[in-house]
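Colleague: Below, the features straight out of TrEMBL:
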type	residues	note
ACT_SITE	38	active site
BINDING	13, 14, 15, 16, 17, 18, 56, 117, 118, 119, 120, 181, 182	ATP binding site
BINDING	17, 56, 117	Mg(2+) binding site
BINDING	42	substrate binding site
């Protein structure tokens, strides 16, 4: 059974998929057996044959040069660009934890380093009906995973990143570190953002991703050490 790591973000559209692609690519280019999995994806588009295409998973598969079937990358795919719990309601196809766990463990059995990408931010409802209430953090906790947080490097990130870390701490979910996306080298505000996050939480900013980066600037041994 391989090791795994969960990637969440401080919110929607902070670049989780982009950074996740760089992470899996880094592992695989180092000769390691790195894989990808996502429990639920909303906002998928239909191809010319009417089939739903999970863009996030396809992007990571392409960037990381993975030879993997799409059905093994994502369990639940919905067309509506809304929270997974709402997309599930619209499609009458609720997210089942046992199914996610089974698919996750199958993926973990195929890869030495499995990177699991979340949906939205840490308070993202996955299922909310008469049978079950499940948020993203519930899933992380049930799978017993540590977390890396992707955060935008710009204005407002101190608040959103610290709040995300504090929530994870309250749930006793290990935080392995933060990765800054859209980083501008030498920007005094962004450098101070990283400093303040580390000062306020004790959690390190592990890597800085600039716009258009094709490689993750992190030592491979450090990256491997984030997985458990």
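Here, residue 1 is simply the first one shown, and the rest follow in order.
Glycine residues also receive a Cβ, built from the backbone N, Cα and C atoms like all the rest.
Give me the structural setting of these features: burial, nearby parts and distances.
Modeller: Within the same chain, the residues at least 6 positions away from residue 38 (active site) whose Cβ sits under 8 Å from its Cβ are 54, 56, 57, 73, 74, 75, 116, 117, 118, 119, listed in sequence order.
Sequence-distant neighbours of residue 13 (ATP binding site) (same chain, 6+ residues apart, CB-CB distance under 8 A): none. In three-state terms derived from DSSP, residue 13 (ATP binding site) belongs to neither a helical nor a strand segment and is classed as coil.
Residue 117 (Mg(2+) binding site) falls within a strand when secondary structure is assigned with DSSP. Residue environment of residue 117 (Mg(2+) binding site) contains 26 other Cβ atoms, counted within 10 Å of its Cβ in all protein chains.
Every protein chain shown contributes to the tally, and the Cβ of residue 42 (substrate binding site) ends up with 23 other Cβ atoms within 10 Å.
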Colleague: Could you say which of the binding-site residues 15, 118, 120 has its Cβ with the most other Cβ atoms inside 10 Å?
Modeller: 118
Colleague: If I take the alpha carbons of residue 182 (ATP binding site) and residue 42 (substrate binding site), what is the distance between them in whole Å?
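Modeller: Each residue's Cα considered, residue 182 (ATP binding site) and residue 42 (substrate binding site) end up 24 Å apart.
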Colleague: When neighbour density is defined as the number of other C-beta atoms within 10 angstroms of a residue's C-beta, which of the binding-site residues 17, 56, 182 has the lowest density?
Modeller: 182
